[in-house]
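Per TrEMBL, the features are:
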{"type": "SIGNAL", "residues": "B:1-16", "note": "signal peptide"}
{"type": "DOMAIN", "residues": "B:35-159", "note": "domain 'Beta-hexosaminidase eukaryotic type N-terminal'"}
{"type": "DISULFID", "residues": "B:Cys65-B:Cys119", "note": "disulfide bond"}
{"type": "DOMAIN", "residues": "B:182-495", "note": "domain 'Glycoside hydrolase family 20 catalytic'"}
{"type": "DISULFID", "residues": "B:Cys291-B:Cys341", "note": "disulfide bond"}
{"type": "ACT_SITE", "residues": "B:Glu336", "note": "active site, proton donor"}
{"type": "DISULFID", "residues": "B:Cys519-B:Cys537", "note": "disulfide bond"}
Number of protein chains: 2
Amino acid sequence: MLKLIIFLMCFGVIFANNFWIVKPGPKYPPTKGEVWPKPQYQTKEKTFYIFNPLQFKIMSTYQTCDILTNAVERYFYILTSQIGGRIRKRKERAHRRHVSQGLNKGYINNLEIALMEPCEDYPHLNMDESYNLTVSATSTLSSPSIWGVIRGLETFSQLFYLSDDRNEIRINSTQIYDFPRYKHRGLLLDTSRHFISVTNILKTLDAMAMNKMNVFHWHIVDDQSFPYKSEKFPELSNVGAYDLSMVYTKEDIKKIIEFATNRGIRVIPEFDVPGHTASWGSSHPDLLTECYEGNKVVGLGPMNPTKNRTYILLRELFQEIQTWFPDRYFHIGGDEVGLDCWRSNPEIKEYMKNNTLTVAGLHALFMRRVIPLLTNNSKLIVWQEVFDEGVKLANDTLIQVWKYNWITEMINILIAGREVIFSSTWYLSEMSSEWPDFYLPDPRKMVYGITLNKNLLPGIVGGEACMWGEMVDDRNVINRVWPRASAVAERLWSTLDDKMNFKLEIPTETYSRIEEQTCRMIRRGVDAQPPSGPGFCNV
Amino acid sequence: MLKLIIFLMCFGVIFANNFWIVKPGPKYPPTKGEVWPKPQYQTKEKTFYIFNPLQFKIMSTYQTCDILTNAVERYFYILTSQIGGRIRKRKERAHRRHVSQGLNKGYINNLEIALMEPCEDYPHLNMDESYNLTVSATSTLSSPSIWGVIRGLETFSQLFYLSDDRNEIRINSTQIYDFPRYKHRGLLLDTSRHFISVTNILKTLDAMAMNKMNVFHWHIVDDQSFPYKSEKFPELSNVGAYDLSMVYTKEDIKKIIEFATNRGIRVIPEFDVPGHTASWGSSHPDLLTECYEGNKVVGLGPMNPTKNRTYILLRELFQEIQTWFPDRYFHIGGDEVGLDCWRSNPEIKEYMKNNTLTVAGLHALFMRRVIPLLTNNSKLIVWQEVFDEGVKLANDTLIQVWKYNWITEMINILIAGREVIFSSTWYLSEMSSEWPDFYLPDPRKMVYGITLNKNLLPGIVGGEACMWGEMVDDRNVINRVWPRASAVAERLWSTLDDKMNFKLEIPTETYSRIEEQTCRMIRRGVDAQPPSGPGFCNV
């Protein structure tokens, strides 16, 4: 049946009352000047202003700082070159008609930015991203925080649209008050299964900013390759990277963090331990556990938790990483540890016996010894297994839920007083899922549906779309992430329409709005894929 | 369960005996100098020759022609610049080791091409694609046909590989006798749901040649848009294309056909009638049937088979198309006709009553009237519905099977003495299918499995991989087609390993070989996606 539906879809049949009626043109024509993710409060009038790239100015009053100057320059360029560049050439529009004279309120001249408080240097979990925006001849954008200003500039740029006759760029009289529903809105990118170039990481950050996402979770190393080029342990990537050219240097990382900071995006590195570490073993096999079958060593498994050398290397390495990555949060993984390998190893068996430990207890012991290796006032993110196996964790540790028991898992974590990042239904690596599959689930709504307990909900601080790297490389990663991650971005930012639940359909307006968002990303250099069917971007 | 497997896969666990053991590096390391699709007969020795781009020559003896000259130039460029360019710079390889001296048979100097018969101008259904290739210091490639020479040149270029130390390009002593299993090996590209640029069509043709596919089935127009820019009826695309820039002109078509011809690829246009024609109605609504609900017109459906004007326009248009497309075959579609719309229209009801016709009979009548509109000695391809609805078809009409009843459908067509093109399991638009899903099914094997009748099998002349355009546009089409279409290409060219059936696994060698083919396509400018998991192309 599913296959039949896919086939019918493939042949472009539209399921109307009379399904034999088809119509020419795009399935969902893009909206014009609608914002993605949808702002919390927005009123929009029919009257509009005309945009003239030559006379438009952005001015900032009150506070300023490098991040603000950089953002103003960036959006001035987007507005004047990329958006302004879309109008027809002067010659073509000689016979311009003024059909909507009554709604036309003249030119938009300025955007005045009022940043009310001094800039912060780096974005953080509790940053303020709220802003107020009023569009008129002299428009104003105000926020207590540089991060709010950046979000507001993005919104402002998205309100412009090309008139139907393609003769002018317009922006409607609009009032917006906006802020995010969740404070942690992330994208995980895996650069170990396939190497992703710095260029495409920067492009990804740019697209994240267009979708108001604020955490780049960099799953930098894993079993397959170790592209982090350490200064203290160069052998890790010399031997463990796919190729000497497929590495991230200190300078690359600095560039990525600076680019992200300018867009209000945090960069959180993940160095997953003690599992997912085969590539560490390429240069340091003695870090890993020898797995046995009977009396025979049959391969290498997770890190060996009984050896001091493991912790010595981790301490040195983590210290280096933490001087390169300014975010206070550090993701130490902890998922899918090959406990059976530990179980098979005679030395470890002996160790467990002597210390009356189970393998889960051994995992807990490992984590307990690793956590203090991080610098003071570090905060942790871990995969759910670390919670499940009873490791004692600091109160501010975030638990990332990714498995299929997500609702009970979230409830357990919340009842234990911990905070949750949700990812289970947001695996972009599930290639057959399209954006509507990612759009519907909301972690707070799911937990509330079961518990009817509103007090638990603030403990869900956000979520992350995860693009594991098995089936994406530098050539298709942008296409496979966007616009599917945009669905997660809107779910995490915007108020949830109570009428929309798992059984109901997503409104047609949303289909049309993600078409516009896709065309917008393409126009700004992000090669997003078609979201929902036949169509085109007339740029 | 499936989801669990996907999750486990996403975290890179390798299902070995001890599934907790993981290893660094690519999942399937690419082969070195193995050919895709696999040749029919091949012997390869361990001895090898060294390739020096500066001293290598391709010479053709016996016959020559423009197509041959063009092919020789093309492959000379591929060998000397693209393959030859991969060796390390001279300085880097100063300390070259000669470890495998005993196997090294010196330089390969020449490839001598012996084309035994005069060139044909265009490829055709029954062209000879067989060739003999012997690799030694002076290698020889012989074929009775220009098309065989082109296939042999592709094979020859694929035999080269980079030595492990990256110091030299090698080719092993090899003997190959090769020919295709099926004579029609096609790729359908839909340029109506999204417009595909001429650049990407040419790139697609180049990739087809790398995979020895020989039919470009151009599903050029459909409901959504009409990008064929007719000279006789310019309004069809002026109104029916997505945009005035999103059209194929006569010159574009000429360029595409010339490019294809030089690669031994036929270009077969499809103008699907009477269904899938909404975009024709943008300029010619009177071609289409008004669909009724009660007494009310609710939209436009398929072409109106009762009006003479329909046939007059089709005759004129088809004549133009046939002067632009030299292939004798013309695809007139005939799938998914909205028979219910015909049923709802009072005039058509009256017509059916007066002529004692069912709606299927009306479809048959339409097809019967359309077929003679094509130029003399045209041959037809139709979708399976046209056969199913009992239209009288010429003996040489090819029936394209695409629905889910494929085995019985093929048997019915073959028993009726008709020939089949198979597509049902090869819908590339099923985004969740990966190359192994396309690799396993073989239409002859399926029919033989049911009928045990070998006489029916030659009636299956080939197959086509179909990339419907709903979810692909100019940005992701190359990535989504390749290397998934390579699986279909090998199935259609190579002998089927009898040991491999639906229940058995594809050999690891094939996984590694498609990795090499993917890297090869990438090196030659085709941005193919990763076929089967973690890895990299070290080019």
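Using N, Cα and C of the backbone, Cβ positions are placed for all residues, glycine too.
Taking 8 Å as the upper bound (exclusive) on CB-CB distance to chain A, the recorded positions B:Cys65, B:Cys291, B:Glu336, B:Cys341, B:Cys519 give B:Cys291, B:Glu336, B:Cys341 in sequence order. Summarising model confidence by region, the domain 'Glycoside hydrolase family 20 catalytic' (B:182-495) averages a pLDDT of 96. With the fewest other C-beta atoms within 10 Å around its C-beta, B:Cys65 stands out among the disulfide-bonded residues B:Cys65, B:Cys341, B:Cys519, B:Cys537. On a Cα basis, the residue listed as 'active site, proton donor' lies 16 Å away from B:Cys291 (disulfide bond). Checked against B:Cys65 (disulfide bond) by C-alpha proximity, the recorded positions B:Glu336, B:Cys341, B:Cys519, B:Cys537 yield B:Cys519 as the nearest.
Recorded residues B:Cys537 (disulfide bond) and B:Cys119 (disulfide bond) have their alpha carbons 37 Å apart, per Cα-Cα distance. Across the domain 'Beta-hexosaminidase eukaryotic type N-terminal' (B:35-159), the DSSP tally of helix, strand and coil residues reads 37 helix, 39 strand, 49 coil. By the criterion of other Cβ atoms within 10 Å of the residue's own Cβ, the least surrounded of the disulfide-bonded residues B:Cys119, B:Cys291 is B:Cys119. Among the recorded positions listed here, namely B:Cys119, B:Glu336, B:Cys341, B:Cys119 has its C-alpha nearest to that of B:Cys519 (disulfide bond). On a Cα basis, B:Glu336 (active site, proton donor) lies 40 Å away from B:Cys119 (disulfide bond).
Listed in sequence order, B:Gly275, B:His276, B:Trp383, B:Glu385 are the same-chain residues six or more apart from B:Glu336 (active site, proton donor) with CB atoms under 8 A from its CB. Following the DSSP three-state reduction, the secondary structure of B:Cys341 (disulfide bond) is helix.
Following the DSSP three-state reduction, the secondary structure of B:Cys519 (disulfide bond) is helix. According to DSSP, B:Cys537 (disulfide bond) is assigned to coil rather than to any helix or strand.
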